[in-house]
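A.B. asks: What follows is a single structure, and I will ask about it in a moment.
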Amino acid sequence: MKFVDEATIEVIAGKGGNGVASFRREKFIPKGGPDGGDGGRGGSIYAVADRNINTLIDFRYARLHRAKNGENGRGSDQYGAAAPDITLRVPVGTVVHDADTGELLFDLNRHGEKVTLAAGGQGGMGNLHFKSSTNRAPRQWTPGKEGEQRRLRLELKVLADVGLLGLPNAGKSTLISRISNARPKVADYPFTTLHPNLGVVRTSASRSFVVADIPGLIEGASEGAGLGHLFLRHLARTRVLLHLVDISSPDPDTDPIEQAVADARAIVEELRRYDPELADKPRWLVLNKLDMVADPDAARQRFVEQFSWQGPVFVISGLNGDGTQELIWALQDYLDAEQRKANLAQDQADGTYVAEDPRFDATRSDAAPPGAPRGGDE
């Protein structure tokens, strides 16, 4: 499922350091000649495509990126130090436009691809460069050049990792607002969600995944009923589907588990009618609204038995958050494992795969047993 993620940033490269007019002054050498050094180069700003990053959310809060200026030159032929460069890591698939003109500048579509967003200014020249046969004591020097400055628009078509599936009012929007930064409209009536919502779930500073909530499906969606069929095709690109099922029932005359099983079977049938491959995609069962159930464990057991379910199952409350942390961590571990498989396949296809060093393989035949003395130990 692809959504456009955008961020506008400003990049300012560093100014080059100034050259200097200086003359050698030592004892017994009254006319030592020019020895002014050049200024250092200003810091540049680069962008590198990183397959371990999947959104541009960090750039929405860090909009200004300014590199340092180069140092000025000094006497005794000392050049100024170059300023450190700044490298911005962006997701693979990021497109960079000039924010003022709309011109397409870069398309970072391969892991490790590096481009220059703003080049640092060159350092100025010291008076050493202006010495000639007719001018033995030049006093000229040049200032450092200004670094490039740009306003850039970063655009990424985000591929959602997790798709939420379920009937209208199953609690999908409540769940995505609970676990991510998305804030969809939530109300106690069906068809609250009229367009897809995208949320980023952060489990740590360096680990995250993207969840997509689409309008709820109803019976007959594969034939055009409701709104969900308009977005079913997008779920084909997700890695795992979360099938949300409401296990509560406001009607006291209705068995909530039997109704939930019937609703779940209707969703699976719509998937099969729309696309058999989509129905075979990895799917996890999420029983929602446990806060409205007297005995969640018994409800879970009854549902699994009647639904003949053998895959992963979680019981949560999207409203108060019960059980959502376990679901989030399980999803993150699963997606990380799938990403490692994809990275390995890509490295092998590109011919860049490097096997692990056998010295770090504890299962090799000549590995020392735990607690055994190492070489050099007494």
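Positions of Cβ are set from backbone N, Cα and C atoms, glycine also.
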A.B. asks: According to Swiss-Prot, which of these ranges is region 'Disordered': 141-174, 175-208, 345-378?
C.D. replies: 345-378
A.B. asks: Can you check what DSSP calls ASN169 (GTP binding site), collapsed to helix, strand or coil?
C.D. replies: coil
A.B. asks: Validating a neighbour-count step here. Other CB atoms within 10 A of the CB of LYS172 (GTP binding site): how many?
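C.D. replies: Its Cβ has 30 other Cβ atoms within 10 Å.
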A.B. asks: What average pLDDT is reported by the model for the domain 'Obg' (1-159)?
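C.D. replies: Averaging the confidence scores along the domain 'Obg' (1-159) gives 86.
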